[in-house]
Structure formats: structure tokens, C-alpha cells
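Each remark here refers to the structure printed beneath this line.
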Amino acid sequence: MTQKLTITRPDDWHLHLRDGAALAAVLPDTARQFARAIIMPNLKPPVTTVDQASAYRARILAALPAGMAFEPLMTLYLTDNTPPEEIVAARASGFVHGVKLYPAGATTNSDAGVTDIRRCAATLEAMQREGVPLLVHGEVTDGDIDIFDREAVFIDRVMKPLRRDFPELKVVFEHITTRDAAQYVAEAEGPVGATITAHHLLYNRNAIFTGGIRPHYYCLPVLKREIHREALVKAATSGSPRFFLGTDSAPHARGLKEHACGCAGCYTALHAMELYAEAFDAAGALDKLEAFSSFNGPAFYGLPRNSGTLTLTREDWELPAELPYGDTTLVPLRAGETLRWKAS
């Protein structure tokens, strides 16, 4: 049984850092484990221009504690009105690494998202030409589609036509949650990748309802059936370079999670690599963790691997019950429980 594992320093290819006091509270958790992260642009207002991304990047770097090294990889928020010229500027900037597609209303702060992907044709053509990846929240938002089917329907309605019309466009299917998505990404032609969260590797939808409503397990896309969790584990541990780490760590104040209309999102930045190690260990695939965490993402984005390392040790430790979060608190996933791995 492996007791210690040292891997190339990993990256997080899907992260929510928020802004202001919330940013300052959560950024150190990510920077302790990850060298770089793709930063989601769904602030209020959303980050839709290169100038806004530059300003947000500056705020992130200003919030980084002294002595910590971390590179934020910025993204733009795609709207019906994003001009192709903004894509050219994004490519030239050197710090914008993707454009995020949120179907309007799909998740937190997505109201300004795309209402019809066909309206973005000229912009998508510019992205294909400039080599700027499209990062996709892969769910339809039609009220007549069951919430557990939104991802599968998205593949047929949006992803397949998108890939047909823009076959050379780099596409990341973010935080996949279904067997359908894992199979689609594995078999798709052209430059397609996918991020997978730790919580979707570890839990199925029963976790939300065990002994009562468990709001800290509620995220979007929502946890699915066990057959889907198993398919995600198989994909993540397959060795395929198309699958890579993206925590989708999404902090919300405790009062906004434990609420009559609670927010979606699991906070895992504090203990992300410990959770991934647990999932890969349970699958008997610790030898595949480094590629998933540290190699596949940089290869897809055309970036070099990190030079540092991170060590995971089989060691019991108790996760805090809550964490400071501005003038309130934040509850990490599995708060107060014992974890079996420790990252250093």
C-alpha cells in the first residue's frame, strides 16, 4: 500500500475565486496546492473584456500572501454580444487562456450568459482561428428538461452541432457529471477535453439527501446516479489525456448555503488534492493521479508542466468545521470529518 506519493505540482483547470474579501479568504487555499488555475469569470458584473480580466488578475495577485507563488489563468465570459475583436485582443494579451460559455441561467451569476449559441458564430470562428479554447458549462436550461438530464441533452442539442460547425475549435467540457459526457469526450474527434471535480468522483446524488438535506453537497451540475460516478472514475483513471483536474471549488457564505433557497457549489480548494488522492486510491489508480492532475491540462492548453512538486502522505487529519470568509464563514465539503491523505 502506497504511503507517500510525490507528483509534479498540479494545476486547477476550473476555479471560482470570487472577489474582494472573499477572494482574499480563499486564494491561499488554492495557492498552497496548485501552481496555476483557470479563473472563472462569473463575477457581478461578469468579466467580459480583456481590460476587465486584466484588472481582475491584478486584484488576484494583490491578494496573494507574501511568499506564495501562483499564476491566475484568466478567462472571458461569453455573451450574445462578445465581438470577435475581443478574441483577438484576448489571444494577444498573453494572460487570457479561454472563453467561458454559460447558458443563460445555468448556474451562479450566469444570467448574462448566452441565450442562443448561433448568435456567437462570428466570435466562435475567431476563437477557432486564434486558438482560444471555449470552456463550456454543458447543461441546457429549458424548464421542461429534467435537471438530471440537462447534460446529456446538451450534448445532442449544443455540443454536437458546435463541433460540427467549428471542428478545429478547442473545447473543454467543464465539470462533466455523466457517463454520456465521459463517453462523448473520449470518442469525439478534434481537440476536446474535460475537467472532472473531486466531488463528482467521490459522491453520487444520494449524498445530498442522506439523513436530511445536505446543502454543502449541492452543486451544479448536480451529483448524478452511481453509474455516472463510476463512469467518471473510469475516465479520470483511464490515462486518457483528454481528462484533467478541475475542482470547480465554489465558495459561498455559510448562510447562503444553509438557506431556504441555497446556492450551488462545493468548497474543496482547502483539501482538493487530498480528495482526488482518495478517489484515485479507492480505484487502485494512484499511479494515474499525476497525469490527471499535472500533465493533461498543460498539454491541452499548450502550456509547460510545472517544475515544483507536491507530496501526498497517507495521514489522518480532521478537516475544520468552518473557515473564515470575509465577515462570515465558509463550510468546506466534508467539514469536521477525517481525511486519509495530507498534501504538503
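Glycine residues also receive a Cβ, built from the backbone N, Cα and C atoms like all the rest.
Of the residues ASP165, ASP180, ASP248, Swiss-Prot places ASP248 in the same Zn(2+) 1 site as HIS14, HIS16, LYS100. The annotation in Swiss-Prot ties HIS16, LEU17, ARG18, ASN42, HIS137, LEU220, HIS252 to substrate, and of the candidates under consideration, ALA55, ALA207, ALA264, the one tied to the same site is ALA264.
The binding-site residues listed here (ASN42, HIS175, LEU220, HIS252, ALA264) include HIS175 as those with a Cα within 10 A of the Cα of HIS14 (Zn(2+) 1 binding site). Counted within 10 Å of its Cβ, the other Cβ atoms near HIS137 (substrate binding site) come to 25, all protein chains included. Secondary structure at HIS14 (Zn(2+) 1 binding site), taken from DSSP and collapsed to helix, strand or coil, is strand. Straight-line distance linking the Cα atoms of HIS16 (Zn(2+) 1 binding site) and ASP248 (active site), rounded to a whole number, equals 7 Å. When the binding-site residues LEU17, ARG18, ASN42, LYS100, HIS252 are compared by Cα distance to HIS175 (Zn(2+) 2 binding site), the shortest distance belongs to LYS100.
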